[in-house]
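Worksheet: the structure to be examined is printed underneath.
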Amino acid sequence: MDSVPRLTSILTLVLSGLWHVGLTATNYNCDDPLASFLSPKAFSSSSDLTGSSSSAQLNGRMGTGGWSPENSSAHQWLQLDLGNRVEITAVATQGRYGSSDWVTSYCLIFSDTGHNWQQYKQGDSIWTFIGNMNANSVVHHKLLHAVRARFVRFVPLEWNPNGKIGMRVEVYGCFYKSDVADFDGRSSLLYRFNQKTMSTLKDVISLKFKSMQGDGVLFHGEGQRGDHITLELQNGRLALYLNLDDSKARLSSITPSAILGSLLDDQHWHSVLLERVGKQANFTVDRNTQHFRTNGDTDALDIDYELSFGGIPVPSKPGTFLKKNFQGCIENLYYNGVNIIDLAKRRKHQIYSGNVTFSCSEPQIVPITFVNSRSSYLLLPGTPQIDGLSVSFQFRTWNEDGLLLSTELSEGSGTLLLILEGGTLRLLIKNVAGHGTESLTGRSLNNGQWHSVNINARRNRVTLTLDNDPASPALETPWLQIYSGYSYYFGGCPDNLTDSQCLNPIKAFQGCMRLIFIDNQPKDLISVQQGSLGNFSDLHIDLCSIKDRCFPNYCEHGGHCTQTWTNFYCNCSNTGYTGATCHDSIYEQSCEVYRHRGNTAGYFYVDSDGSGPLRPLQVYCNVTEDKIWMTVQHNNTELTWIQGSNTEKPYVMNLNYGGSMEQLEALIDGSEHCEQEVTYYCRRSHLLNTPDGAPFAWWTGRSNERHPYWGGYFPGDQKCGCGLEESCLEMSNDTGFLSFKDHLPVTQIIISDTNRSNSEAAWRIGPLRCYGDRHFWNAVSFSTEAAYLHIPTFHAEFSADISFFFKTTALSGVFLENLGVKNFLRLEMSSPSEVIFAIDVGNGPMELLVQSPYPLNDNQWHYIQAERNIKETLLHVDNLPKSMRMASEEGHFLLQLNSQLFVGGTSSRQKGFLGCIRSLHLNGQKVDLEERAKITSGVRPGCAGHCNSYGRNCQNGGKCVEKHIGYTCDCTNSPYEGPFCKKEISALFYSGTSVTYMFQEPYPVTKNTSLSSSAIYKDTAPSKEAITLSFMTAQAPTLLLYLNFSSQNFLAILLSRNGSLQIQYRLSKEESHVFTISTENLANRRVHQVKMSRDGPELSIQMDQQLFSYNFPPEVEFQTVRSLILGKVTETLGLDPEVAKANTLGFVGCLSSVQYNHIAPLKAALRHASISPVTVQGTLTESSCDSMIDSDVTGVTTVYSPSVPFGKTDEHEPLTNTIQSDSAFIGGVIAIVTFITFCVLGIMVHFLYQQKQSHRTNQMKEKEYPDNLDSSFRNDIDLQNTAIECKREYFI
């Protein structure tokens, strides 16, 4: 972020703070008792004992000593009329004097008119006040947010179970000054400037408003150059349009700069504050603030002539407006410190008002709320047998389905139903015979807006009108005469109704209704409340308690919010996040974590801050055996040539990495090392000037600062790395790595000296490359129960997620604890098999428990994730089933903590944790535990013993090696490689390929000569043998592996002519042991695995999934091993005749994962041929056996060795196109000369090649298999059985 927005943001915040301080300073002593001096008539109630409400003042002892209703039940209330609108800052209560009657909890509602009540809330929750525990003590509550009202009601929720409801009350506050203007929807106020144009660099506009209409302009101003500012109600929300000096933008074609609020057409006061400094602006509606940057080219707002309030009048056309005017009341309207309404009341010349009055007219509207989807209903009487029927009302809801109206027509002739189904109105009329008709109208009527419904019927014609639409359809009912009935059920039906007076084919309605008319007569809902009209169940009368659960939007990371009356839901599709509120990232935080989960190389999305605000970024993870590299590409990694630039017009290239600078900084800061390769070529072009002069080329990094140093050197010096080391090979080339993390990544390169004759330069900036996760292995050890780490307070009001690894041998201990005044959070291991997550957000303590079937104090790493949001609380331990608890639909939901976060202990220094904790995340933020442990007694940085937990990740004989940060897998004694020894090493063998491993010296198979397990001595006869190999071939018979013992004894693994596996042991001249595995033909171009192990005389053979066992005779003596051969045995002297048959064509196919005891001969040949006792003859090509399974096997029949420049023509194929002419002689001469020339060249190449690699006879190639591979796969040679020496054969 540049410095200007930072400065303007600070100024905006300062201005906002001063503004609010000014407002609160006027009410500094607003705590006077307001009820003590009220007359008895100011007190009223839902019901009372004789005159009890008039003696309900605090500390009052007269009369009955306080208020008690006739019966203690729900929906009772005590009301105070404070005479005028006042500011209420506190309340206090007592029980009824000298009794056992008191209220233990209650809520407050307030109103300006005594109707259309509003519930007192904190945040988005209806606030419950703690009441009394006896009759005489006073319980005082300071309101977190002051309210302004004339009427206030105390509504008891719970009371003494051994008594009744009893209350004495007091209200504290002060006088409230208010300037009000009433707009009738056809008028406006004009504030005219003293000069033509009002130009402002900063603005503060504040007001309050109330309205029953969802649309209307509150204020507007514009200038001739495109400046404009407009605040407009749109569907019950406030849209702000603000533009600075952009003539292209027009109000009708631009989108709002900000939209805030919801359900603002509820006839309650709503506050608005707009603060602007330059292009930075804060827009606040009812304590919800949105910060934004304005459109436009300048910092000044230029408004011409006037500002209009309440509408946008058309110049020279009085009474004409561009948009719908505002209808309602505006209070305390200030524009840059000017009280606009006060000026209008005093008829100042700057103000023009048309039909604006200065008192707020309050419509006497009584809304009702249907609370319960099963039991809410309202019964109102009709006038029976009137010719026709007329019903109208307004409703608003979030539910798609619900019964709106059910009535039985006069004399039981039929039924009329009005249903909301799938957000559409459905009118259904049936007669007693079952004939019916229906009408559908509207869609998405569950959008929370007020909708008006009017049903008019006369005789055989019914009309349903929605939202005053004149094009509403009419229904004809020739089979039914419609007459008004006795009863009208709104919202639902009573449970005890047994006849057809009320039918409900769908669930009850949840929502609000108002303005109910039956037979063109309004219904008095206050009379319903008092019990003198109709009947009801589970209604809130005289208030609409609709709540927009999607505002503010608690779906994080762009999740889409939908809602019903009681709940909201988040659609997290295409966000990269999951969970009830789209809080949890589906991606890992680094390549290290992907590696830990078993991934190797590929493109991955990395979310550096987890559940934090930063979006995931795509990177390339390359997991090698020693480092895990993370690569981020940018938009120009190719070599780029530059000409024609100079200091006045330099060449500039901006680099785009596909993410924000915040994302890149998080990746870099979380890595151990980062680098970018920089290459610069030049000709007649300077890179640097003098060591102190201005450079001709430079680059900028993350903070937009110039950096004149280049690859391999240090920040601050105009040098390059090879110049420092005096190793520059070319004067015109500078190549090196930038590795100072605070300056990376390179975001821009500037070159300014390529405009001279024949002058040019070229540059290349490589991708950003990093390795090492600084946090994943960040661990601490707690050695005493009293030790803990201090972390700043965990601020997680709406969402909290905590994750970490731990290991311990203790029986119990507290991992984390954070306290608040009333709230707390604690995570602990309560026993060796139980983890508890305890939390209290104000609704009482709640505990989640996960029980483990295995002990958690086994000194192994275990993972814990605890999460709490406003919808649910969850606890995960390892991969065990999670524990979950849904949040209450109503009640407190803000987690407010104020103490420090204790890690590894508690504030009481008891029940501390003994063991290790690592990789602690708090709402995605990484906590550097090791750094804090350095200055904390009883806590030690780091934790050893990673291999105890993760050693199992090293597979196929790999050995886990402990490191300070994490671990590595040593694959020395494994035929596999890779970070987890999971990558097989395989190669293609041709008919002449032979790999021989000699057991003569204790040669290691890797460069690590200290590993003695990698060799076998020639004079040692192994008591145990283990052989593993995988193969794929289409040739049979063929030899797979040959072990040469002393005295012409051997072990051979081969495929017989029918493709079955055969293992031959020859341990003496007199006797051989032959084991034949009678399975299907294994020469079927599929990968098969052979495992053979011998322990003394016990032999086991596994072919794929089949296992066989055998015992050698006790007199058998096993021989020492001299060599191991894969493929063709080239020294055939003394070779067993049957083995010789299989060896005739060698092995053509693929071998992989070959291992004899701790020897991996194929790995030695392909990876460590220069230091291993291995010899390769013929062509050996590294490849993957699995990739060959479905390959095309119809290739060319000839395979060439790379050491021979020409292949031989197949002897069985005749030559063609032979020319019989006199030119044959000339051609022959040319051929002979050519042949001799190539022979000489071949001898020279062969000689040089032998000088270079004398230990090998042929070249190995590491490449993909060639297209001509499968020529020999088609060869099938029929070898006759030959009599051999006496053998023991075992057919298994």
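The backbone N, Cα and C atoms fix where each Cβ goes, and this holds for glycine too.
Annotation source Swiss-Prot lists disulfide bond at C30-C174 (among others), citing similarity to another entry. According to DSSP, C30 (disulfide bond) sits in a coil region rather than a helix or strand.
All chains included, 22 other C-beta atoms sit within 10 angstroms of the C-beta of C329 (disulfide bond). What Swiss-Prot lists as disulfide bond is C329-C360 (among others).
DSSP assigns C512 (disulfide bond) to a strand. For C512 (disulfide bond), the same-chain residues 6+ apart in sequence whose C-beta sits under 8 angstroms from its C-beta are P367, I368, T369, F370, F395, R396, T397, C544, S545, I546. Residues or ranges marked as disulfide bond by Swiss-Prot: C512-C544 (among others).
Secondary structure at C550 (disulfide bond), taken from DSSP and collapsed to helix, strand or coil, is coil. For C550-C561 (among others), the entry in Swiss-Prot reads disulfide bond.
Residues annotated as disulfide bond in Swiss-Prot, with similarity to another entry given as evidence: C555-C570 (among others). When Cβ atoms from all protein chains are considered, those within 10 Å of C555 (disulfide bond) total 24, not counting its own.
Marked as disulfide bond by Swiss-Prot: C572-C582 (among others). Around C582 (disulfide bond), the C-beta neighbours below 8 angstroms that are at least 6 residues distant in the chain are C555, E556, H557, G558, G559, C570, C572, T575. Annotation note: C582 (disulfide bond) sits in a coil segment as assigned by DSSP.
Taken from Swiss-Prot, the feature disulfide bond applies to C916-C943 (among others), supported by similarity to another entry. C916 (disulfide bond) is surrounded by 22 other CB atoms, counting those within 10 A of its CB over all protein chains shown.
Per Swiss-Prot, the feature disulfide bond maps to C947-C960 (among others). Around the Cβ of C960 (disulfide bond), 19 further Cβ atoms fall within 10 Å across all displayed protein chains.
Per Swiss-Prot, disulfide bond is recorded for C954-C969 (among others). A strand conformation is recorded for C969 (disulfide bond) in the three-state DSSP classification.
Annotation for C981 (disulfide bond): same-chain Cβ neighbours under 8 Å, separated by at least 6 residues, are C954, Q955, N956, G957, G958, C969, C971, S974. The feature disulfide bond is assigned by Swiss-Prot to C971-C981 (among others), with similarity to another entry given as support.
Within 10 Å of the C-beta of C1185 (disulfide bond) we count 23 further C-beta atoms, all protein chains included. The feature disulfide bond is assigned by Swiss-Prot to C1150-C1185 (among others), with similarity to another entry given as support.
Taken together, the residues of the domain 'F5/8 type C' (30-174) have an average pLDDT of 93. Residues or ranges marked as domain 'F5/8 type C' in Swiss-Prot: 30-174.
Residues annotated as domain 'Laminin G-like 1' in Swiss-Prot: 180-360.
The feature domain 'Laminin G-like 2' is assigned by Swiss-Prot to 367-544, with sequence analysis given as support.
Annotated domain 'EGF-like 1' per Swiss-Prot: 546-583, in sequence order, evidence recorded as sequence analysis.
Look at Swiss-Prot and you will find 584-777 tagged as domain 'Fibrinogen C-terminal'.
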Taking contact to mean 3 or more CB pairs closer than 8 A (sequence separation of 6 or more), are the domain 'Laminin G-like 3' (778-943) and the domain 'EGF-like 1' (546-583) in contact?
yes
DSSP-derived structure type at N1044 (N-linked glycosylation site), helix or strand or else coil:
strand
Within this structure, do the domain 'F5/8 type C' (30-174) and the domain 'Laminin G-like 2' (367-544) have 3 or more Cβ pairs under 8 angstroms, counting pairs 6 or more apart in sequence?
yes
Rounded to an integer, what is the Cα-Cα distance in Å between C947 (disulfide bond) and C916 (disulfide bond)?
14
Compared by Cα position, which of the disulfide-bonded residues C174, C561, C1150 is the closest one to N282 (N-linked glycosylation site)?
C561
Verify whether three or more Cβ pairs under 8 angstroms connect the domain 'EGF-like 2' (944-982) with the domain 'EGF-like 1' (546-583), leaving out any pair fewer than 6 apart in sequence.
no
Rounded to the nearest angstrom, how far is the Cα of N496 (N-linked glycosylation site) from the Cα of C916 (disulfide bond)?
63
Kindly report the helix/strand/coil residue split of the domain 'EGF-like 2' (944-982) according to DSSP, in that order.
8 helix, 10 strand, 21 coil
Of the recorded positions listed here (C360, N496, C561, C960), which is spatially closest to C1150 (disulfide bond) when Cα positions are compared?
C960
Rounded to the nearest Å - Cα separation of N1044 (N-linked glycosylation site) and C960 (disulfide bond):
33
